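This report refers to the structure that appears directly beneath it.
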Amino acid sequence: MLKLYISMFLDSTEHILKEINRLQHKEQRTNGISCIPLIPLHQAVEARNLEVVEALLERGHNVNETDHRYLTPLHIICSHPNKIGMKEVIAEKTKRDLSSYEERAISEACYNNDINIFKMLLLNDGNRTIDDVQLCTIDYDDSIDTKIIKLLLAYGADTKIKTEDKLKTALHYASTNKNYKLAEYLLIYGAEVNSPDIGNNSPMHEAVRHRNEDVVKILLQYGSNTDHMNSCGTTPLHISVGRVLNRNNYSILKILLEHGTSVNIQSSILGFTALHLSIHSEDKLNLLLEYGADPNILNFEKETPLSMAVKVTRYDINIYNRLIYNICLRAFKYPFIKTTEGYIKNMTCINGYPKCKSIKDACEYEIKNLESIKLSPRFSMADFLKDDNSLMMDKIINNDLIDYYYSFMDSFPIYGNIVKKSIDTAKDRYLLIQGAIRSMDNITFPSQRVSWYNMPLEIKHDIMYLLDDKSLCNLIVAEYDS
């Protein structure tokens with residue numbers, strides 16, 4: 001079957017089909033040693049030979065048959081080129097060890113999902129160089145993969161079949177593939193988006209691990225559970241901040257957070273939050289804090305992100321700054337946390353390091369100064385730091401003192417921008433509420449049957465306050481549609 005496998009890459013459809021007919025009576029379909037498929041349909045799919053795949057399906061070849069590697073044709077088309085199998089083929093064909101050029105070319109083929117490189121190697125041209133490999137990659141058309149998967153699915157390929165050894169579905173393999181259309185077609189045809197493998201990894205775990213942003217987005221569209229834990233006790237969020245994936249995965253982390261993944265979920269084995277794992281990366285740490293990551297959570301070894309960071313002196317001072325800024329802000333916003341074990345651990349850690357204590361003192365000093373800037377007997381500029389201040393801001397946003405003190409916020413380097421952002425948000429929402437009130441007034445013109453028009457303005461305002469921004473916008477749009 002080795003000869004047929006090589007033929008799948010190099011020869012005409014007519015020649016291949018004749019060879020299949022010739023070998024049919026002595027077909028070898030199982031071999032626990034070989035890393036290449038031994039079933040003709042599986043070979044054709046692995047060689048990305050569209051014409052032969054179509055011909056074999058028309059002949060009635062079993063689209064859901066598993067080979068000795070436990071793979072169906074659907075698993076194969078969603079996988080990267082068979083690196084180990086190609087090494088086996090070239091070694092057997094040439095009767096020698098692979099050259100460094102061949103080793104590198106095969107790795108290049110797998111990384112770029114490019115079957116053309118395999119074809120080039122099988123031609124056995126001794127004058128080829130790695131530059132030829134890179135040029136070859138530019139010309140590869142992965143739409144062939146898409147055409148093959150559509151063909152397999154049209155002939156009844158089952159998206160739910162799992163490999164016997166690792167319990168992986170085709171979607172697990174597609175989630176590692178740069179061609180996001182493979183995953184999309186599988187989901188259209190009913191693939192289970194949260195199906196676990198033997199390690200309880202979902203397709204989302206695989207997509208995040210391989211930094212496959214397009215597939216991450218598609219999986220989310222089909223309802224992927226981003227809080228699903230694998231057998232190592234980690235979610236896709238934990239994977240996205242890990243050191244192993246330090247490259248090119250900030251955007252994936254942001255996508256997961258925007259979609260509402262649980263930012264403070266702890267791994268089930270060591271109790272790490274994503275924030276614990278992000279102390280090596282200022283960008284990721286800042287993003288997690290922006291989405292509500294709690295720096296006072298203890299892992300199972302009773303360590304907070306800060307207590308872990310101070311033990312490693314190589315971390316940038318900005319890591320300590322961002323964590324302590326947030327710890328102090330949370331203590332101001334939620335005084336009850338001062339009695340929690342995590343906060344006490346952080347304070348012990350901060351007070352034990354002069355550099356950290358000076359940061360904490362600066363935070364508390366700035367908050368105290370903001371509290372001293374009074375807007376009314378009840379409210380100060382520091383109230384704009386609180387999460388539960390929306391009603392307060394709504395009531396006093398037109399206070400002239402706010403505009404006056406707004407320009408002074410640049411002199412508050414730690415929390416000034418938070419205050420300014422809260423003020424801007426409150427003003428935008430106030431204008432939105434006023435616009436919605438006007439639209440409602442215009443829609444419900446004076447009539448004895450309409451009670452809205454005769455309501456006091458303050459009551460109208462309180463009613464509109466209960467609506468979110470999207471509902472307010474829809475109400476304004478409704479005026480122009482009516």
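Placement of Cβ uses the backbone N, Cα and C atoms for every residue, glycine included.
Noted in Swiss-Prot for the protein shown:
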- 36-65: repeat 'ANK 1' (REPEAT)
- 69-100: repeat 'ANK 2' (REPEAT)
- 101-128: repeat 'ANK 3' (REPEAT)
- 129-161: repeat 'ANK 4' (REPEAT)
- 166-195: repeat 'ANK 5' (REPEAT)
- 199-228: repeat 'ANK 6' (REPEAT)
- 232-265: repeat 'ANK 7' (REPEAT)
- 270-297: repeat 'ANK 8' (REPEAT)
- 301-332: repeat 'ANK 9' (REPEAT)
Open item on the list: Given a Cβ distance threshold of under 8 angstroms, which distant residues of the chain, six or more beyond its ends, lie next to the repeat 'ANK 7' (232-265)?
Closed with: 199, 202, 204-205, 207-209, 211, 213, 216-217, 220, 226, 272-275, 277-278, 280-281, 283-284, 287-288, 291-294, 297
Task: For the repeat 'ANK 8' (270-297), the mean pLDDT of the predicted model - done: 96
Open item on the list: For the repeat 'ANK 8' (270-297), how many residues does DSSP put in helix, in strand and in coil?
Closed with: 13 helix, 0 strand, 15 coil
Task: Among 36-65, 69-100, 270-297, 301-332, stretch most in contact with the repeat 'ANK 5' (166-195) (C-beta, under 8 angstroms) - done: 69-100
TODO: Using DSSP, tally how many residues of the repeat 'ANK 1' (36-65) sit in helix, strand and coil.
DONE: 16 helix, 0 strand, 14 coil
Open item on the list: Are there residues at least six beyond either end of the repeat 'ANK 6' (199-228) with Cβ under 8 Å to its Cβ atoms? List them, or say none.
Closed with: 166, 169, 171-172, 174-178, 180, 183-184, 187, 193, 234-237, 239-240, 245, 247-249, 251-252, 255-256, 259-262, 265
Open item on the list: Give me the DSSP three-state residue breakdown of the repeat 'ANK 2' (69-100), ordered helix, strand, coil.
Closed with: 19 helix, 0 strand, 13 coil
Open item on the list: So if I exclude everything within five residues of the ends of the repeat 'ANK 2' (69-100), which remaining residues of that chain have a CB under 8 angstroms from its CBs? That is, six or more out.
Closed with: 2, 5-6, 34-37, 41-42, 45-46, 48, 53, 63, 106-107, 109-110, 113-115, 117-118, 121-122, 124, 145, 148-149, 152-153, 157-159, 161, 163-166, 168-171, 173-174, 176-177, 182-183, 186
